[in-house]
Amino acid sequence: MTDNELTLRDFDGESEETDSETELLIRHTNSSGGGGGGSDAASRNKHSNNNNSQTRRKSSTGYSGIGSISSPSRIGGDSASGSNNSFLGNLFSLGSAAGQIRYRNESRSRERAKYSISNSGSSATRDITESGSSATKLAQLTQASASGANDNSGATRAHVSGDLSAANGIGAHTVVDPENGTSTVFYQNNRRRSKSRSLSNVCKMCLCSCWKKWFSPRELRARTVNLGRPNTEKFPPNEIRNQKYNFITFLPLVLFEQFRFFLNLYFLLMALSQFIPDIRIGYPYTYWGPLGFVLMVTICREAVDDLRRHQRDHEVNSQKYKRLSATNGNGYEMVPSSKLKVGDVIIVEKNERVPADLILLRTSDRSGSVFVRTDQLDGETDWKPRLAVPYTQKLSRDAELHSIDASFYVEKPQNDIHSFIATFCVTDGSEDTGLSVENTLWANTVVAAGTATGIVIYTGCETRSVMNNSQPRSKVGLLDTEINGLTKVLFCAVLGLSLVMMMLKGFGGPWYRYMFRFVLLFSYIIPISLRVNLDMGKAFYSWQMQNDDNIKGTVVRSTTIPEELGRISYVLTDKTGTLTQNEMVFKKIHLGIVSHDADTFHHIGQIIQKLSGNILQQQQQQGSLSSSSSAGESTKPMMFAGNRMRRPEGWREWEAVRALALCHNVTPVNDEEDNRSVSTASTVTGGNNSPTKSVINIEAPGSTDTEHQYQAASPDEIALVKWTEQVGLTLIARDLNTMTLQVKTASDENDILLQYQILQLFPFTSESKRMGIIVRENKSGQITFYLKGADVVMSTIVQYNDWLSEESGNMAREGLRTLVVAKKVLTEEQYNDFEMRYNAARLSITDRVSKVAAVVESLEREMELLCLTGVEDRLQENVRPTLELLRNAGVRVWMLTGDKLETACCIAKSSQLIGRNQGLHVLRSVKTRTEAHQELNQFRRKQGHALVISGESLEVCLQYYRIEFLELATASPAVVCCRCSPTQKAQVVELIQKHTRKRTCAVGDGGNDVSMIQQADAGVGIEGREGRQASLAGDFSIPQFSHIAKLLLIHGRRSYKRSAALSQFVIHRGLIITTLQAVFSAVFYLSSVALYQGFLMVGYSTLYTMFPVFSLVLDQDITSETAVTYPELYKDLSKGRSLSYKTFFIWVLISIYQGGVIMYGALILFVDEFIHIVAISFSALIMTELIMVALTVRTWHRLMVLAELFSLALYLISLAVLHEYFDWEFIWSYDFLWKVSLITVVSCLPLYIIKFLRKKCSPPSYLKLS
């Protein structure tokens, strides 16, 4: 090592194990002039060797990678002043960097000075020796810029590298002195105590891993699902879980929810204080007994509720499904849905619920398609086609699925039910297949027809349906929140009263002990029995709801919020399955000159039968003509297609019925075809034994031996085809290219078959709002284009007429879904020209959709109008009167549905969700802020109109004009939100809650309604045909929507009224005894001694007054018939006047008055002993409470009378038995009787007079109706 190189040194001499502070390590080098190139090269080689050994030596102490530092060339004297300024600035920056370093001792400065002197005459040149990549980076940061000795200007610059290198945790800071050329390098080395650090790191890692495993949300990631091979990766279990607790979290969460209430927390502190001898008052059981009873009642109630949820979940999770098994002799095994795992291949049969998210592998249809019902997922009533993976569909049987080596790479779980990305890979070298949402079966959908075989890709909480649901939450009623606020007021009263007592007594001695004793004495002003009575009352209200014969089937799943039903301001309901039965019924057809409904449909059937003979005769003529004609000749057109003047009677009916029987996308199926697997050797049909099946058969009228079933994407089309079958024209067969109709004749043996070739099919879209089909009649060769669609688009397509607009309006007002049907006969040349242009448009690379639409529209001109149809989505029973009752009760009803806008509008009108005198404003689709602003301004001008808005427009309005939109929407008499996702439904409920501060009730029947039901203040699930998920998740379960009116108007009203009266009377019971205690303490020299000791305090709120007070849960202000007949009475409940600060302070004044009368009366009337004061005051107190209960009751029940008599008898027995508290001789004296009677009369008679005068002068509204 040369003179200008110094080893880095640690000045405090500590080892690595003990060194925990930042070290300051210094190296000094000197700079002088001269130096030859050859010596420099030799010196560099030598330096390199030395530094390599130095690096190896330093690597054990954390200094590896640091080489020597070279200094600048000699500095001229002319630049001394500038260098001095630079040096001062560098010293300042170094001081700020080194100010964080604590110097261990003064020897550091001495060592630094010694090394500076010894190196004053060292070499002028400093070489940079590189030792590894980290040394190179450090040298780049710390090397000072140098200039040569032969520089013409003679001026060089002194540099300081103020950067702290991050190499190996060491920071380097170089300072150059311009006077002597000395370069000082400071290093910061941060070290920690490694031994203690390793133990703490292990603990931190353990805690972090436990927290991540138990509490952090599960990371969602993409996955590879193997087909034919086991999957080793772990995924969530496939369980439906609506429970709030588990075995570990039950007790902590229940106690947390209870002590979240100030009332319970207050009494817990009071009970704990009784373990301190200095402030103990009476016996500890007087505090712990009521508190323990309250907690036990709550814990038992929550345990029972959660156990019921567990049992219902277990019932759903136990439904059996067929899982393919290579080892089982049958080829499958029956397993419960909770045991399904990712990678299992299962068979889902017709009308079975899909238990998990699947990729469709095979179907019973050779084309690989299957229809599913998704109304429980997205609310849409249309059946949706799903396609199997082409590779697996081609297999001959299901058992071969185990023999192929393939895998699916699927995206991570997400809540978007309309998109899906996956890839199907086969190891035999076949090309990968991309999969989309059309290849999936989401959980909670239902297979509508056929049998589907699929592989499980998502289970449990990762399925689309569960990810669109929110976690169940513990709901707290508004009444509980209001009572919690009142208890805080009472607590302030306790503190104020105790402070007044201490001010009168004086703050001498251990005053804080006396004050706390006063707090304990007055603690009965906050009655712990309030929670007991309310909880028992809620359980009784729930029992009454479940046992009401008028709403049979009602189940109360959450007994904590029955009084919430009495203060509902907004009801948010689903459409499909809630307001409607999702059954389409053909109601009316208008032919231009005549209209037919259900009463005259048989006339159309008779006309079809009369024309069947002409049809048969013409078929025979067409057959003979076609057989005798040459190849170049064309046949004549079919009947009724020629001159209109020659059309016979009944042609309108025939053409309309035939158009409806041909223009659709319906496929007829029967049980044999429906249950037939592609390979009967591998798939075993389960028939109707499945627990999740509810088969709906469509039976042809007049036929008992044949059973026709149809499958289609829309139930509207099934209703139309079902009606054509009813009048005599039946669709009996259909495939991709042909369609066969059967014409019913008078004699069943001669039924006529009409065969058609399907040339083109134009499906229905939400943009076009119409669908069309081009068919060719096989016998005649006639080509006909049929088109049906909404009246708003068809009115410009059909020929001029004077009846379509008027009749479509009439049907819409009746709530019917209208369709306009038209036709156009095409020649062979016309069709060939269209086909050429259509195929060219389909092959277009740019603007393919618009070009295809333009070609189709070229045919849609001057079409012949055939008929106007009206189809009704059958409503649930008594939906119209129920909605009218709710509207008259001041409840605003919102309909949130995932269905189409047109369908939602029809149901809103037919169900009379929108009143007869109310308009309907449809907010058009908006995508920008400007469009949203314009639409909201338009709606603002239409006062009293109901609003219809789509989910996409709702998102835009909430994004830019949230407050404005909510103000307009909440002021509207009714709102219809269509195309809503499950998450949007819950968001709408939350927005109403936050904006209006009113109580909401959500009603639904499907899995897509669970989030909305759980978010609402009161969630009501309807147990329908499509499943029980909404019913299980709801706070209340009802069999049909019409029960909601009685649930709110009768039981909700009674629950709220009774709970309000019960809570205020219990508070009054605590206030009056606190008033007695305050007067007693004030009179007897401000002593902190209890007036009533031991059992008297416990018996006062339990044995002597509990039964009469609790009997208030039987009270009712009006009868059930009056509540339903006059729903306007419900409006007052939302204002919360039954329990308010006004009524609370009225009861406070009553308590102060009665407590003062009883205590001062006892003090004035007693003669000899203190025990007489206790006997007189306590007896008057019990009698006053019993009389006050009688004054509060509005409708007497025999159990109320029994409770009063029973409590009075118990007290009389106590007077004779409890000699420790009562003087037996005095009790049986005449003085005791008249004194108690006088005090009781004075305390109660004025209140009775006031109540009587108020009832006569200002009676409540319900009394006027009585």
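Note that Cβ sites are derived from N, Cα and C of the backbone, with glycine treated the same way.
Automated prediction, rather than curation, is the source of TrEMBL annotations.
According to TrEMBL, the protein has these features:
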type	residues	note
ACT_SITE	Asp574	active site, 4-aspartylphosphate intermediate
BINDING	Asp574, Lys575, Thr576, Glu717, Phe764, Lys788, Arg817, Thr897, Gly898, Asp899, Arg979, Lys985, Asn1008, Asp1009	ATP binding site
BINDING	Asp574, Thr576, Asp1005, Asp1009	Mg(2+) binding site
COMPBIAS	1-12	compositional bias 'Basic and acidic residues'
COMPBIAS	60-78	compositional bias 'Low complexity'
COMPBIAS	103-114	compositional bias 'Basic and acidic residues'
COMPBIAS	116-133	compositional bias 'Polar residues'
COMPBIAS	618-634	compositional bias 'Low complexity'
COMPBIAS	677-695	compositional bias 'Polar residues'
DOMAIN	231-288	domain 'P-type ATPase N-terminal'
TRANSMEM	250-273	transmembrane segment
TRANSMEM	285-304	transmembrane segment
TRANSMEM	489-508	transmembrane segment
TRANSMEM	514-534	transmembrane segment
TRANSMEM	1066-1086	transmembrane segment
TRANSMEM	1092-1114	transmembrane segment
TRANSMEM	1144-1167	transmembrane segment
TRANSMEM	1173-1193	transmembrane segment
TRANSMEM	1200-1220	transmembrane segment
TRANSMEM	1232-1250	transmembrane segment
(message) Could you check whether the transmembrane segment (1144-1167) and the transmembrane segment (1200-1220) come into contact, where contact means at least 3 Cβ pairs under 8 Å with the two residues of each pair 6 or more apart in sequence?
(response) no
(message) For the transmembrane segment (1200-1220), I need the partner stretch with the highest count of C-beta pairs below 8 angstroms, choosing only from 285-304, 1066-1086, 1092-1114, 1232-1250.
(response) 1092-1114
(request) Six or more residues out from either end of the transmembrane segment (1066-1086), which same-chain residues have a Cβ under 8 Å from its Cβ atoms? (result) 486, 490, 494, 497, 501, 504-505, 518, 521-522, 524-527, 529-530, 533, 1092, 1100-1101, 1105, 1109, 1144, 1147-1148, 1150-1152, 1154-1156, 1158-1160, 1163, 1177, 1181, 1184-1185, 1188
(request) Taking Cα atoms as reference points, rank the recorded positions Asp574, Thr576, Phe764, Arg979 by distance from Asp1009 (Mg(2+) binding site) and give the first. (result) Asp574
(request) State the non-local partners of the transmembrane segment (1232-1250) in its own chain: residues 6+ outside its ends, Cβ under 8 Å from one of its Cβ atoms. (result) 1150, 1153-1154, 1157-1158, 1161-1162, 1165, 1172, 1175-1177, 1179-1180, 1183-1184, 1187-1188, 1191, 1226
(message) For the transmembrane segment (250-273), give me same-chain residues lying six or more residues beyond its boundaries with a C-beta closer than 8 angstroms to one of its C-beta atoms, as numbers and ranges.
(response) 244, 279-280, 284, 287-288, 290-291, 294-295, 298-299, 302-303, 306, 474, 480, 483-484, 487-488, 491, 516, 520, 523, 526, 528, 530-531
(message) Is it possible to get the count of other C-beta atoms within 10 angstroms of the C-beta of Asp1005 (Mg(2+) binding site)?
(response) 34
(request) Tell me the Cβ neighbour count for Asp1009 (Mg(2+) binding site), meaning other Cβ atoms within 10 Å of its Cβ, over all protein chains shown. (result) 35
(request) Report the mean pLDDT of the predicted model across the domain 'P-type ATPase N-terminal' (231-288), rounded to a whole number. (result) 82
(request) Could you give the residue numbers and ranges of same-chain residues that sit at least 6 residues beyond the transmembrane segment (285-304) on either side and whose C-beta is under 8 angstroms from one of its C-beta atoms? (result) 244-245, 250-251, 254-255, 258, 264, 267-268, 270-271, 274, 528-529, 531-532, 535-536, 539, 559-560, 1094, 1097-1098, 1101
(request) Calculate the distance in Å between the alpha carbons (Cα) of Thr576 (ATP binding site) and Asp1005 (Mg(2+) binding site), and round it to a whole number. (result) 8
(request) For each of the binding-site residues (Thr576, Asn1008), count the other CB atoms lying within 10 A of its CB, then report the residue with the highest count. (result) Asn1008
(request) Express the distance between the Cα positions of Phe764 (ATP binding site) and Asp574 (active site, 4-aspartylphosphate intermediate) as a whole number of Å. (result) 24
